[in-house]
Amino acid sequence: MSLSKHDSTQLWDAVAQHDLAAYAPVFSKLLRGPLRHLPLRVYLPAEPSAAEAGHLRVVQALVAPRVPGTGEAVTLGSALHGVLPALFPSRRTPILARPVLHGAVVPMGAVLEELVRGAAYLDGWVHLGVVMMG
């Protein structure tokens, strides 16, 4: 993956100036071809402790876009089950926690590659918050 000097400069300037209109065309060039890995970052609530300033844990993983053997697209539920099986024991139904993206609860059946292409942050990662149920 390489960009021309003009595209690299435009990408850098767009990020520095928070200009999504200038950023989007260059970023789409980076995601044009088939993706080998889908970057996923999950923010987990943590137990409060006097020694820590923040109460958040971060887990990140690169997820394959297709299920090995079947070739089916990986869903958010499958990815979360693979990365955090104790928190997401089911691939289809949120039992212990719900994934939240940009302030909205995301269905477990959402295709992860579509989330990467449409809802990734400027760094290219899908940043998911986790809200515990009950």
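Each position is counted from 1, following the chain as shown.
Glycine is no exception: its Cβ is also placed from the backbone N, Cα and C atoms.
Note that TrEMBL annotation is computational and uncurated.
Here the structure is a predicted model, which means the values were calculated and not measured.
Mean model confidence for the domain 'Autophagy protein ATG5 alpha-helical bundle region' (1-31) is a pLDDT of 88. Residues annotated as domain 'Autophagy protein ATG5 alpha-helical bundle region' in TrEMBL: 1-31.
Taken from TrEMBL, the feature domain 'Autophagy protein ATG5 UblB' applies to 37-130.
For the domain 'Autophagy protein ATG5 alpha-helical bundle region' (1-31), residue counts in helix, strand and coil come to 23 helix, 0 strand, 8 coil, using DSSP.
Secondary structure counts, DSSP: the domain 'Autophagy protein ATG5 UblB' (37-130) has 16 helix, 32 strand, 46 coil.
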